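K.L.:
Look at Swiss-Prot and you will find 1-21, 76-85, 129-147, 197-215, 277-281, 327-343, 388-394 tagged as topological domain 'Cytoplasmic', backed by sequence analysis. Under the heading transmembrane segment, Swiss-Prot lists 22-42, 55-75, 86-106, 108-128, 148-168, 176-196, 216-236, 256-276, 282-302, 306-326, 344-364, 367-387, citing sequence analysis as support. Annotation source Swiss-Prot lists topological domain 'Periplasmic' at 43-54, 169-175, 237-255, citing sequence analysis.
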Amino acid sequence: MSEFIAENRGADAITRPNWSAVFSVAFCVACLIIVEFLPVSLLTPMAQDLGISEGVAGQSVTVTAFVAMFASLFITQTIQATDRRYVVILFAVLLTISCLLVSFANSFSLLLIGRACLGLALGGFWAMSASLTMRLVPPRTVPKALSVIFGAVSIALVIAAPLGSFLGELIGWRNVFNAAAVMGVLCIFWIIKSLPSLPGKPSHQKQNTFRLLQRPGVMAGMIAIFMSFAGQFAFFTYIRPVYMNLAGFGVDGLTLVLLSFGIASFIGTSLSSFILKRSVKLALAGAPLILAVSALVLTLCGSDKIVATGVAIIWGLTFALVPVGWSTWSTRSLADQAEKAGSIQVAVIQLANTCGAAIGGYALDNIGLTSPLMLSGTLMLLTALLVTAKVKMK
């Protein structure tokens, strides 16, 4: 990582942090995350308005993750020599266009095109977010700047689903995306005003990113990452139809459940460093095991609102360990190739999100209401077993 930081500084090293630029990047991150998860809380009205099933509507999440997967792998090589300021502005424009296309969509095809635009911005932005932040502040301030970025992610995850549910009932799902488009416009203007020129640096070295998978335990780790995130999206994408039909929650009740989920996730993220200091492997094996049990409890007793609410809180609290835990594993196990490892990890997560949402939607439409839960629980159990048996820690 130190080599990567040095590579990204060179001639454009600075001595004073550009906090306005850092906060503009953080705001852009928050907007991307919020828009990514809006369909989760708006799935039912979107499906009804477009005349499609909820399982099919859930593919709006799938296509975003699918496009983001490819963007995260190839965007940094494609735009090597391009000024990063213009690239970030482009991503903010794509975010805005995505929201407008979705809000005016009169067909499922147009909805998917809009969500694909978001995927391009999301995957591309995440692939370069760390290096971008490192070029805005002096080396001593990098940890603080990164905490601002990931703090924005945590806040966005807390408010995205409940805010979407509340506003969707108040102004309609299309106007929710119109409001998100306004946020996109604010992103564009803030970035134009605050982000300095950040020239790209063409590289003539051949990238051997996938060679990292040949290292001992790395392939097992990536498979475990895939299964844990696929299990998450198989459940979370369809939390609205499951909770409204299985537990009988209304829109107001669902909003409170989603808010509880988000707050629990924020608390879990805050506690994750304390837990991971004790044992990374225990956290990575224990968290999916708890989630597997939670999925079973919700399948068997989900008609009870108290049980369903409790499962949502436990799920948010526990799954928060997963992304932080795997990032810790990656930086420890592949410290000499942290950027390449991060690129693969982002791609694996987006592929998992794609498959989890797609298969969960198919199961919901063709097998039954609790089938996404059973799929999620099975994947989480397999993750726990794989981590215990095959994943190596340093």
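From the backbone N, Cα and C atoms, a Cβ is placed for every residue, glycine too.
Bear in mind that the values here come from a model prediction, so they are computed numbers and not experimental data.
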K.L.:
Where among 86-106, 108-128, 148-168, 216-236 do we find the most Cβ pairs under 8 Å to the transmembrane segment (256-276)?
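P.N.:
Highest pair count goes to 148-168.
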K.L.:
Pairs 6 or more apart in sequence, C-beta under 8 angstroms, 3 or more of them: is that satisfied by the transmembrane segment (108-128) and the transmembrane segment (216-236)?
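P.N.:
Contact absent: fewer than 3 Cβ pairs fall under 8 Å.
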K.L.:
Would you kindly list the residues that approach the topological domain 'Periplasmic' (43-54) from elsewhere in its chain, counting only those six or more residues past its ends and only Cβ-Cβ distances under 8 Å?
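P.N.:
For the topological domain 'Periplasmic' (43-54), the far contacts come to 60, 105-108, 111, 168, 172-174, 237-238, 240-241, 244, 361, 364-365.
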K.L.:
Can the transmembrane segment (282-302) be said to touch the transmembrane segment (367-387) if we require at least 3 CB pairs below 8 Å and skip pairs under 6 apart in sequence?
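P.N.:
They do touch: at least three Cβ pairs between the two stretches lie under 8 Å.
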K.L.:
Using a Cβ cut-off under 8 Å, which residues of the same chain at least 6 positions beyond either end of the transmembrane segment (344-364) come close to it?
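P.N.:
Residues packing against the transmembrane segment (344-364) from afar: 54-59, 61-63, 65-66, 68-70, 72-73, 119, 123, 126-127, 209-210, 212-213, 222, 225-235, 237-238, 241, 323, 326-327, 330, 371-372, 374-376, 379.
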K.L.:
Counting only residues 6+ away from its ends, which parts of the chain sit with a Cβ under 8 Å from the topological domain 'Periplasmic' (169-175)?
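P.N.:
Distant contacts of the topological domain 'Periplasmic' (169-175): 42, 45-46, 49, 103-104, 251-252, 255.
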K.L.:
Under 8 Å between C-beta atoms and at least six residues away from its ends: which parts of the chain pack against the transmembrane segment (176-196)?
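P.N.:
Here the qualifying positions are 18, 20-21, 23-25, 27-28, 31, 34-35, 38, 42, 85, 88-89, 92-93, 95-96, 98-100, 102-103, 136, 164, 167-168.
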K.L.:
What same-chain residues lie close to the topological domain 'Periplasmic' (237-255): Cβ under 8 Å, and 6 or more beyond its ends?
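P.N.:
Result: 39-44, 54-55, 58, 61, 161-162, 165-166, 168-169, 261, 298, 302-305, 308, 312, 356-357, 360-361, 364, 369-370, 372-373.
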K.L.:
Between 22-42, 216-236, 367-387, who has the most Cβ pairs under 8 Å to the transmembrane segment (148-168)?
P.N.:
22-42
K.L.:
List, by number or range, the same-chain residues at least 6 past the topological domain 'Cytoplasmic' (388-394) whose CB is under 8 A from its CB atoms?
P.N.:
216-217, 220-221, 224, 280-281, 284-285, 329, 332-333
